[in-house]
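Taken from TrEMBL, the feature transmembrane segment covers B:12-31, B:95-113, B:125-142, B:148-169, B:178-197, B:229-247, B:277-296, B:349-374.
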Amino acid sequence: MANDHIDITVEPGEVHALLGENGAGKSTLMNQLYGLLQPDEGQIVVNDEPRVFKSPRDAIAAGIGMVHQHFMLVPVFTVAENIALGAEEVRGGPLGWLDRRRSRRDVIETSERYGLPVDPDALIEDLPVGAQQRVEIVKALTREVDLLILDEPTAVLTPQETEELLTVMRSLTAMGKSIVFITHKLKEVKAIADRITVIRRGQVVGTASPDTSEEELAALMVGRAVSLEVEKAPAEPGDSILKISGLVVDDDRGVRAVDGVDLEVRAGEVLGIAGVQGNGQTELVEAVMGLREVRAGAVHLEGEDLVGRSTKRILRSGVGYVPEDRSHDGVVKEFSVAENLILDMYDRAPFGNAFRIDGDSVASNAKHRVEQFDIRCQSPASLVGALSGGNQQKVVVAREMSRPLRLFIASQPTRGVDVGSIEFIHSRIIHERDQGTAVLVVSSELDEVVGLADRIAVMYRGRVLAIVSPDTPREEIGLLMAGITGDTPEGAK
Amino acid sequence: MKRFWSANNFTLTALSMLMAVVIGGVLIIISDATVLAKFGYFTARPSDAFESSWLLVSTAYADLLKGALGDPAVFSAWFSGEATWQQAFAPISETLTYAAPLVFTGLSVALAFRGGLFNIGAQGQAVLGCIAAGVAGFTFGLPIALNLIVAVVAGVLGGALWGFIPGLLKARTGAHEVITTIMLNYTAGLFLAWLVIQQGIQAPGRSDAISKAVAESAQLPSPGGVLRVHLGIILAVLTTAGVAWLLNKSAFGFEIRAVGANPHAAKTAGISVAKTYVLLMAVAGGLAGFGGATQVLGTAHALTPSVAGNIGFDGLLVALLGRTRPWGTLFAALLFGALRAGGNRMQSFSGISLELVTVLQALIVIFIAAPALVKAIFRLRASRATGLGASLAKG
């Protein structure tokens, strides 16, 4: 059951934050409100009138609009075309033609009325993510909705874009619109919400006012006290372990994704890579791991050239790797926890050899790792697909940390992971660092990078714009993530 | 009983077979003119129509069972000394004879499927196995045991080559194995048809398309007489055990299953997906080739253009019916062998076309491939594993 007898009321002109961990049931709840799912029990009342929504069309007619986490826009259409899509202005009857001029005028009018600048003639694919989101909001507003649902709207934004979005939300509520703001980011909730409803395991576990402290909110979300700060001692960097020089890598479409990157990670330090998603971080890491072709440049692990080595050999040179997309690249969901824990070591001692796998040692390893990494599962023989996101991630982290490492690479180590598991995974990463392993962490969550890293490299359009200390003001890092260098000295340590 | 009515695999398979038998019965009735005529005065005397329908269908299915498992009358004749034990066991022998090659081709498809590959090419690989085993069988003239071993190995290698090619093409160029294996099926079939009429291959003094006979020393041992069953069925059981071990206990099997379930995660964990595909297709081809070899060395003893029959395509159905599990595939092959052997008797005794067996086989597989249909017809309780609701929930 994803939702268990939830009651929630949204007043006109308020921002109602829906706070909960991944898998708590927030999206399920909102999908019912938007007509994408039908409730088994209970009802939706709009302006004192009970309503049944069979599809989003019904919801929109009742004045409810939604901006999804993944935008529903056609990349090759213009802004005006996208906004008209689904409610096209047609002249000349059912077989008539599109009234583009009127669609365009509607867009301009709405964007002026709400102070949301969009260029009606720009192609969606040319727009940055923040602007695309604005298009989605304008689209909902042209349908004259009174209640706007924003599903994790800040997940893809830079800190500056997030600020802008919060300003837009304030002005919308000032004009009497209501907003349901779905998120798991505590800072934003405190900054914008008028009321906060916390959901855990499909149930409302509490409501809070915005002046509740972050610790209290986190405890409400997780069900126990959690520490939000990453606790760590100052790094004691040793010798250089990973050295990347002049690395050039293309993405799947053959477009340059990494364009001449130089980086160095030393033993016993965490190098964090900050940047908005899609600025070459993924490709950089995949190239280091031998999963993507290197066009130019060199990657050395303590002097050994990694370019051209197979992924298996790289992993066995003492490199641990947590891929960013857990369910796509990290685990085999049809495999048991025990099998996933040996996914990259199945054919070597003690688990097996080139021919056979030793079931007993696989099972005892699983038992040990499940305890050590606090993986919550019925048994090591349970399928990984049945585990929560956080526990799946712990399986990946446990696997990659269960052998002596020289280098540990983690991409988005806590994406889609509950607050409790985040705390645990962060402490394991710092523990690995303190053992003298060189650690490279890539994350689009600035908080995570700042919390973990001893040095931060900011990537923008395939290049490292600057290397800064984690004490650098957030605003400055945020500007770098948006590609604005200003007077930041290059290569600051 | 409660467990039986939940939608597990065993129940679904059993009910699919039941449905196929019922529909098959209807087909038997409507294709018989005499019985159909009695339905003409159905309102006047319905018992006539019912009685003759029941008689026809029950005789037909009884013949099917007798032809597949054995005739009680012959067994009692054997006990009273009027028939030999060979005659009593002849039906089972037929079932096992037909089943043996299907076990191999079924395993070929099932193994490839577990690795995420749809091996439509078991037919072509089996044909290559026939060719290699047959040619080796009448060419080398080696001493007794050696001749057989060499012929079997030749068949396996022939099939492996025919599997290796699409595997390599997929790994190197991304060519889809469904397309390439279908094309290689044609190539293999036409090559066989050409080969058997070439000098040195064609049986001397024959004008029709048949090759020289396989040397007796290269034939799979068989009790002989009415018992056509041969060593092939024992090899098939051993191979099933081998494939089950390979899949579940070996390092290569781990690679196959990982690549089949999530090639991206397998690649990220350092497993070479391309290498796995090539090796897997070669092994799958080798299994189908083994099936072809048992066909030539065990039953046909000479090459003809249709020596491989339909064993490759039937292997697809067998693997599907066995749910791509090695032992499941073995039992599915035995079922198909039984239907085929029983169908022969049904054709000669009840006069019902052998094609009905093909229809039954097809119906069983259709019902198994569309489990929702069977569940709806029998109102099975949804088992938890197959529940759809769980996958829709997202945070």
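The backbone N, Cα and C atoms fix where each Cβ goes, and this holds for glycine too.
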Other same-chain positions with a Cβ less than 8 Å from the transmembrane segment (B:229-247) and lying at least 6 residues past its termini are 92-94, 96-97, 99-101, 103-104, 107, 110-111, 114, 219-223, 253, 256-257, 283, 287, 290, 294, 297-299, 326-327, 329-330, 333
Taking contact to mean three or more C-beta pairs under 8 angstroms, with sequence separation of 6 or more, is the transmembrane segment (B:125-142) in contact with the transmembrane segment (B:277-296)?
yes
Could you tell me whether the transmembrane segment (B:12-31) and the transmembrane segment (B:349-374) have 3+ CB pairs under 8 A, leaving out pairs under 6 positions apart?
yes
Can you work out which residues elsewhere in the same chain, 6+ from the ends of the transmembrane segment (B:95-113), have a Cβ less than 8 Å from its Cβ atoms?
68-69, 119, 122-123, 125-126, 159, 163, 228-230, 232-233, 235-237, 239-240, 243, 246-247, 256, 260, 280-281, 283-288, 290-292, 294-295, 298-299, 311-312, 314-316, 318-320, 322, 324-326, 329-330, 332-334, 336-338, 340-342
Below 8 angstroms Cβ to Cβ, which residues of this chain, lying six or more residues outside the transmembrane segment (B:277-296), approach it?
100-105, 107-109, 111-112, 115, 117, 119, 121-123, 125-134, 137, 151-152, 154-164, 166-168, 170-171, 177, 214, 220, 230, 232, 235-236, 239, 243, 246, 252, 256, 259, 302-303, 307-309, 311-312, 315
